[in-house]
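Below is one structure, written out as structure tokens, with a few remarks after it.
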Amino acid sequence: MDILLANPRGFCAGVKRAILIVENALKIYKKTIYVKHELVHNQYVIQQLRKKGVVFVEKISDIPNNSIVVFSAHGVSKKTEKKAIKKQLIILNATCPLVTKVHKEVEKASKKNIETIFIGHKGHPEVIGTIGQYNNKNGKIHLIESIEDVDKLSIEKNSKKLNYFTQTTLSITYTKAIIESLKNKFPHISGPKKEDICYATTNRQNAVIKLSKIVDMIFVIGSKNSSNSNRLAEIGEETGVCTKQIESFQDIQVNWIKNIKYIGITAGASAPEFLVTQVIKYLQKIGAKKTKEVLGTEEKINFNIPKHLTFLSS
Ligand code: 2E4
Ligand code: SF4
């Protein structure tokens, strides 16, 4: 058996930035750092930060007044931000800049009273945060998840203008199909030039598709609540190659890989590289021979962290 590694895989610029914000905040403030929601959707990242004293909460009301709060990479609604301000919390915003970009677009539509359609997964924190930028009693924002939802959509009859935006981690192919059906039903709808799906999501999905052409099985390393990891597993499966989503090497069952000659590995944007290394080591222990990277789009994107948190990082 040989191992083929998807490239790019694993941490994206938004995740690296979020983790650096929390790590530097720990060093600078030397106080408990509270994080609203899991900073990123990976249980190993969360475990490591917990060990360093970080406290994760789901509600702002669970944080003592005047404490330090970090907003997770998925972003928060205006309401949540207001609650944090009211409690006089010091806010460190680890929302990915590419999520913030969508927030600003939705906010603009809200201010202009433009009825808006948001494509995303119900209940996901990014979706709650982004929809929560639409703060207008006269306008409306509709959440849709599928083509069937487009069929069911009813828009105000006198709505001359209509916008759409999307979650950053959706499936490229399926989202294109939803947008096409939106455009068929509402020819006057307008949205971003490209969907709001980010560069990292796009590159990781393309890398899995490339991998699927040369392997007999794919491992996607990523937690079950990670939308972008779930999409990678779905896309792998859609190519017809048996795909297993795993948290770590411990989830691997030897009988899965009995007759496998080429095994592909990728990791979601929130999955640390040490989990990939562990899987490789485990597979080598049970007989894997060569390991090779399958190169896709090179990534050079890097996001700065807020200036007051930078002096520690070189
Ligand atoms: C924010 C936006 O959104 P997803 O569930 O994929 O988040 P995860 O934490 O797994 O990945 C990082 C991230 C954060 C992706 N997009
Ligand atoms: Fe930002 Fe994209 Fe990474 Fe999400 S997957 S944190 S939008 S770079």
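Here the Cβ of each residue, glycine as well, is placed from N, Cα and C on the backbone.
Automatic prediction, not curation, is the source of TrEMBL annotations.
Annotation comment: TrEMBL describes E126 as active site, proton donor. The [4Fe-4S] cluster binding site annotation in TrEMBL covers C12, C96, C198. As annotated by TrEMBL, dimethylallyl diphosphate binding site applies to H41, H74, H124, S226, S227, N228, S270. Per TrEMBL, isopentenyl diphosphate binding site is recorded for H41, H74, H124, S226, S227, N228, S270. Look at TrEMBL and you will find H41, H74, H124, T168, S226, S227, N228, S270 tagged as (2E)-4-hydroxy-3-methylbut-2-enyl diphosphate binding site.
Taking the Cβ of S226 (dimethylallyl diphosphate binding site) as centre and 10 Å as the limit, one finds 26 other Cβ atoms among all the protein chains shown. In the three-state DSSP reading, C12 ([4Fe-4S] cluster binding site) counts as coil.
C12, C96, T168 are the binding-site residues among C12, H74, C96, T168, S226, S270 whose C-beta comes within less than 6 Å of an atom of ligand 2, given in sequence order. Those same-chain residues not listed among H41, H74, H124, S226, S227, N228, S270 yet with C-beta within 8 angstroms of the centroid of the isopentenyl diphosphate site C-beta atoms are V40, E126, T169, N225, S229, N230, G268, A269. Under the DSSP three-state reduction, H74 (dimethylallyl diphosphate binding site) is assigned to coil, being neither helix nor strand.
Of the candidate recorded positions, H41, E126, T168, S226, N228, the one lying closest to C198 ([4Fe-4S] cluster binding site) when CA atoms are compared is T168. C96 ([4Fe-4S] cluster binding site) sits 7 Å from H74 (dimethylallyl diphosphate binding site), counting Cα to Cα. If you measure from the Cα atom of S270 (dimethylallyl diphosphate binding site) to that of C12 ([4Fe-4S] cluster binding site), you get 7 Å. With a cut-off of 6 Å between Cβ and the nearest atom of ligand 1, the binding-site residues C96, T168, C198, S227 reduce to C96, T168, S227. When each of the binding-site residues H41, H74, H124 is scored by how many other Cβ atoms sit within 10 Å of its Cβ, H124 comes out lowest. Non-local contacts of the residue listed as 'active site, proton donor' by the CB criterion (under 8 A, 6+ apart in sequence, same chain) comprise H74, G75, V99, G120, Q167, T168, T169, S227. Within 8 Å of the centroid defined by the CB atoms of C12, C96, C198, the record's [4Fe-4S] cluster site, lie the Cβ atoms of A13, G14, V15, A73, L98, V99, T168, Y199, A200, T201, A269, excluding the listed residues themselves.
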